[in-house]
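Undergrad: Just dropping this structure here.
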Amino acid sequence: MGSSLSLCYPSDKTFNINGVKYTVNRILGEGGFSFVYLVKDNSNSKKYALKVMICQTQESINTAKREINAFQTFNHENIMKLIDHSISNHSQDTKEYRLLLPYYKDGTLQDLIDNQRTIYGKDTKKPLFKEKKCLQFFLKVCEAIQVFHNHSPPLAHRDIKPGNIVLQNLRRPSNNNNNNNNNNNNNNNNNNNNNNNNNNNNNNNNNNNNNNNNNNNNNNNSEDSDIEAIPILMDFGSVREARIKIENRKDALSLQDEVEQNTTPFYRAPELFDIPSDCQIDERIDVWALGCLLYTMAYNNSPFEVCDNEPNGSVALKVLSGLPKPFPPSQTNYSNQFNQLIIDMVNLDKDERLHLNQVIERINQIIQS
């Protein structure tokens, strides 16, 4: 705890990264052993996000190295770029990793969802996107993840969630009365790569026993429910080789500990909750998380969120019980194809779960239909 407190620098703190000086404006977010600051280049006042990681253990050093390596390995329009980085000795036994990243003023997808719930109520049935826009946005996220899965060896992101997707060029329709003051200027979470959005006060599990969403009014074809933005994937400290063979209890417990520290329960695949001593884990853990993400984009909550007063372990019980049905009501009549895509991604049986290339193919088919 002490090291984290010492990392919370004042607003006039100056960092030197490879000879360039940056001054802290404010903190954007924090999580684990890192803080993210809004900084400006002293030479031209350009704004950036600076992620500072204080590493006191070999494990945290390895996490920082993995994140830097992922930034340097992948080049895709929907994957965040690393502008610069430096490493310094914070103290005798502690290294400080500094990652200079683009600053996205529109915040994260989670900010957008939270804003929607703030305006319309936490149980709102008003979606952020109509179906086509939702799938177009989601397709770009899938294509970014596909870069990881196509790597040799295949890699898994392992922490796909709305808080790890920042928004570029966010556009809200001009006739939306609510697009000003609440317009994601809670960007305090901008590049808060590893912020634990698992507690995102979203704690309403919308699995009402209402009829399928298709029995709702389709009055939301109105323009005010449609937004546009470019998703940018971030937070690569959780990236690991996707295909892991678990051969004994020691392997299982080691992986269990790792995923509990580096993944978000609401988006965690069922095979990662109670890992058997003889099993194979692969990149379809990301497909599960993506299915939960698509559900959240459509229905404003992860399908597996729990309330504050629910006991520990409730998330695991919900996940292991499978996707709640029927789907909650919505002001948008999402098609049966759309909902079936979610069902096929959030499949308890990983061997029956879609692969990402199949997901992308299905998305394109639905968009074109």
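Each residue, glycine too, has its Cβ placed from N, Cα and C.
As the structure is a computational prediction, the values presented were derived from the model and not from experiment.
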Undergrad: For the ATP site that Swiss-Prot assigns to Leu28, Gly29, Glu30, Gly31, Gly32, Phe33, Ser34, Phe35, Val36, which of Lys13, Lys51, Lys65 is also named?
TA: Lys51
Undergrad: Of all the recorded positions given, Glu30, Asp159, which has the fewest Cβ neighbours within 10 Å once its own Cβ is left out?
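TA: If we count Cβ atoms within 10 Å for the recorded positions Glu30, Asp159, the smallest count is at Glu30.
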Undergrad: Can you tell me how spread out the ATP site is, meaning the largest CA to CA distance among Leu28, Gly29, Glu30, Gly31, Gly32, Phe33, Ser34, Phe35, Val36, Lys51, in Å?
TA: 14
Undergrad: Do me a favour and check the Cα-Cα span between Glu30 (ATP binding site) and Asp159 (active site, proton acceptor); whole Å is fine.
TA: 16
